[in-house]
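*Asks:* Sharing the features that TrEMBL gives for it:
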ACT_SITE  D112  active site
ACT_SITE  D310  active site
DISULFID  C125-C130  disulfide bond
SIGNAL    1-17  signal peptide
TRANSMEM  467-489  transmembrane segment
Amino acid sequence: MLLKTSLIVAFASTVTALMPFQADRFITTDDYVKVSSVQDVPAGYRKHLATLGSTTSKTASVVMKPSEVNSTKSSTVLNIVPGISLLETDENNECYYVNTTIGTKEFPLIIDTGSAYLWVYGSECTEKACEDEAVYTPSSESTTATSTFALAYVTGTASGDVVEDNIIVNKLATTQKFRFGMAATVPDFFSNYPVSGIFGLPSNDSSSIESIISALYDSHAIDTKRFSISLGQVGSNKSEYSNAGIFAIGKPIEELYTGEIHYTPLLETESLYWQVVISGVSVDSYGVTFNESIEINGTKSTSKRTAIVDSGTTVLALPAQDALDIHTYFPESITDGTNFAIFCNSSLDITLTLNNHNYTIGPEQYLGQAYDNDSSYAGYCVSNIQGVSSDTVDSWILGAVFLKTVYADFDVENQQIGFASRNENVELTSTATSVSSASGTAAATTLSTSTSAKNSSSNSTSSYKDAAVGTAVGLSICSFLIPALVAVLL
């Protein structure tokens, strides 16, 4: 699982602090502890209890995904045109990345709606993470700015010069040089993934940084400041169109969703997060009341929560007490000393309500790897709902566990994010197209997916990095890359 560390962004001698994310640790115990608090079992749960913990069910049950169900409906054909790109992922499905051309070279960059900044490995990088990966070398056409950048991760720092160059992504080109970071030092944890940096997608520009979406809009490559993401395989798994999802820049792609897109306004904050209000949470139709009250827009609530929608996070990351509260609604749920665990044959749904519309997260998403049959936790699966302690941030992080269930439209212009039902009956095709830009001089790129020689770690127990003291306490880094600070000074 990909877990992000806390991030501080500084340029020259200036440091700007907005919203420090100090995730102290996962809930841990010396041994497993039951966390389910359902004493008088509601009638709705009784149908589940007959099979929960059965000795005949020691591994995760196979849950049929919508895309795996035979359909009699004719497929919707989606033509891969400029503005649309196929996403790739590492072998553990922790990071999702898009191939981006900077100057004349292509780089796989983690697509990250929880980060505000684009940075790439530079040619001067000698760190482990940069070995065997594409690195950026300034050319006579690029411009090296007078400022430097430093992204302070708990496990190390990504730092280097700020440079300017032309960028092509999704066959859309900037006509003006775009400012980004060229890292000379990179934290070692990036070596677990076949990437060359971060493709930050903030909710807006700041006084010190222009987003790539705004740069493409100013270049007249797109006519609206928005982008959309559909995580998870789209279409049949044909080799030429093998993908881990689709990233589209510009207006929503109608072929990728069904019904209407329902929008939720962003919270008005100084951060550049895609942050919204969850007006209600339920498990198997039972409304969740949280033990801790939080203040939203001046009103305290024990049922509402704020959430950051983050494509760079794998799991659902919740404040520790909220995660504990959620798991009490799963019969016989426990902790293994590091993670929460839920019976693998759970069939309960989690429902999030955003702006009067419900979104369901099923067991195929919230259930992680099954424990070994000879383990004392046989019959349980690791929960993809993780608890982290924080004294300063009470937002949930809605990562891929949530995003895989929806088609998401990120609307920068109107400061809102919309969700719709994924169209699971899509077939992909493509025609030869050139790069779209106002100048029309950019060279065409081809529709392809690349395979890096470097594979991600096969260790299923990744490590979450404690933002306060820098100690590893349980899950992997690409599961949680959300920066503590999203302001960047250039």
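Placement of Cβ uses the backbone N, Cα and C atoms for every residue, glycine included.
TrEMBL entries are annotated by machine, without manual review.
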*Asks:* In whole Å, note down how far the CA of D310 (active site) lies from the CA of C130 (disulfide bond).
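*Replies:* Cα of C130 (disulfide bond) to Cα of D310 (active site) measures 25 Å after rounding.
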*Asks:* What kind of secondary structure is C130 (disulfide bond) part of, going by DSSP in three states?
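*Replies:* Once the DSSP labels are grouped into three classes, C130 (disulfide bond) ends up as helix.
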*Asks:* From the Cα of D112 (active site) across to the Cα of D310 (active site), what is the distance in angstrom?
*Replies:* 7
*Asks:* For D112 (active site), list the number of other Cβ atoms lying within 10 Å of its Cβ atom.
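*Replies:* 27, counting other Cβ atoms within 10 Å of D112 (active site).
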*Asks:* Around C125 (disulfide bond), how many other CB atoms lie within 10 A of its CB?
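*Replies:* I get 22 for this one.
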*Asks:* For C125 (disulfide bond) and D112 (active site), what Cα-Cα distance in Å is obtained after rounding to a whole number?
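*Replies:* Computed Cα spacing between C125 (disulfide bond) and D112 (active site) is 22 Å.
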*Asks:* Helix, strand or coil for D112 (active site)? Use DSSP.
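*Replies:* The residue in question, D112 (active site), is strand (DSSP, three-state).
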